[in-house]
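Notes follow once the structure below has been shown.
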Amino acid sequence: MSAAAVDAANAAPLSGSKEMSLEEPKKMTREDWRKKKELEEQRKLGNAPAEVDEEGKDINPHIPQYISSVPWYIDPSKRPTLKHQRPQPEKQKQYSSSGEWYKRGVKENSITTKYRKGACENCGAMTHKKKDCFERPRRVGAKFTGTNIAPDEHVQPQLMFDYDGKRDRWNGYNPEEHMKIVEEYAKVDLAKRTLKAQKLQEELASGKLVEQANSPKHQWGEEEPNSQTEKDHNSEDEDEDKYADDIDMPGQNFDSKRRITVRNLRIREDIAKYLRNLDPNSAYYDPKTRAMRENPYANAGKNPDEVSYAGDNFVRYTGDTISMAQTQLFAWEAYDKGSEVHLQADPTKLELLYKSFKVKKEDFKEQQKESILEKYGGQEHLDAPPAELLLAQTEDYVEYSRHGTVIKGQERAVACSKYEEDVKINNHTHIWGSYWKEGRWGYKCCHSFFKYSYCTGEAGKEIANSEECIINDATGEESVKKPQTLMEIHQEKLKEEKKKKKKKKRKHRKSSSESDDEEKKHEKLKKALNAEEARLLHVKEIMQIDERKRPYNSIYETREPTEEEMEAYRMKRQRPDDPMASFLGQ
């Protein structure tokens, strides 16, 4: 194909005509394809300069080929470019600038005296036609008379703003309009000053100010300090009353006598939820819903009943939550037994069915109770007085003094215990259980831990304290040391250096000793597991005994558990939420 034919093809419009003859892309040889790929790799590695489009911009070599390649029907020259991927200017919307706005109060142009071609035939204005004219239809239009031609109206521009332009509240605002308000306030202030000056002139002419200056109170400084300010306020009260109606706004209380504005704001002395516990590992605060479900004082050891805020989880158990859960449980049970009820689909039907079920259940219990009483008797035991009367505990009002004596009402009788009280045996002055130490009960008078022992008095206390001192001295001898001399310090340093050398020699022997340590740990863990099993059996036996017949001793120990005991406790602990918990006993 000749060069003239190619130029003619490029100059022809891309309208799909049959006369258009474009050169089709030729098939590349293997050598050309290999060179092209090598050049692309070099450009990606930065060893070769990137391609440049017709605008002089670099083309990123990492852009895929299906994006960077130009279709042959768009650009037959196959020049490297990304113009076809950018927004086309003819498709972009043209928005108005931020300074453009509708013109207000535009003066009308001078009235013309001659009809202009293309103007309204009725009034003669150039801005509209006869069918859009708002004037009264004339008997003979301005086109034929040439008189009373109306001026041209101002045509407002068609503004089209972008996202920010539509939300610009100050667009089109003229700051000079605010000067009118400033001038009005300045006039009011000037009028008040002139009135005040006139009053002072009148008082000076009448002699009131001279009498006030010559008064003894004014000379000795005994005049009330607020008298002058009160006069100033009283002189301005008349002016303030004029504007009191304008100043009265919702959410405010305006007092013209005191000239103050009091805000009706709610006192916020409560603490924000997220400031109650600054520990990041404490209860989570959701800023979107402003909710803190858990108790922020959970890790602080405080009782939830004593704190002012214990989390938002209490809302889950308020209102109709419990009743709704009971209704849902009844719906599930009824569905399992063949009743077609659903809480969300048929709420009214389910509510009526649940109410009738509760009534029938109560009737069935009453019938069952009556049948048992008729068959076996025992109605007289059910007619016994309540437990409050039996234990002499009532809700009668009783008023006490500061010293504990009864002022009004009858003193309440003390509830008697089922156990014997104030029983002192074997010459003891205190009862058994008045002393507690290291998991054992005893007598407070002699610190004895044997229930049926004789009281030894202060001598027993001294013996117990001396035993503690001996134990404490044995443990504290190591901590209390005499001051050392320089020679002793030097000898200790030499010993430490020898120990370090020995440790270096024994490093290669540690591998053999590690196996021995593992065996020892295994044996300790085995013993701890056996002890934990024995403890669980002991606890199980105690729980099977009646609560009133259980012994007084406690399982509590004061010493800290070892690592093996803690590991055994974790291994033997049963978790109710564990799905495999039922298989542990097998």
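Cβ atoms are placed via backbone N, Cα and C, with glycine included.
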129-169, 457-497 - the range that Swiss-Prot marks as motif 'Bipartite nuclear localization signal':
129-169
Close in space but at least six residues away in sequence, with Cβ under 8 Å from that of LYS408 (SUMO2 cross-link), the same-chain residues are TYR397, VAL398, GLU399
Who are the chain neighbours of the compositional bias 'Basic and acidic residues' (557-578) in space, where the CB to CB distance is under 8 Å and they lie at least 6 residues beyond its ends?
438-439, 521, 524-525, 527-529, 531-533, 536, 584
In the same chain, residues at least 6 away from the ends of the compositional bias 'Basic and acidic residues' (529-550) whose Cβ sits under 8 Å of its Cβ atoms read 418, 565, 568-569, 571-572
Please report the number of other Cβ atoms within 10 Å of the Cβ of LYS349 (SUMO2 cross-link).
13
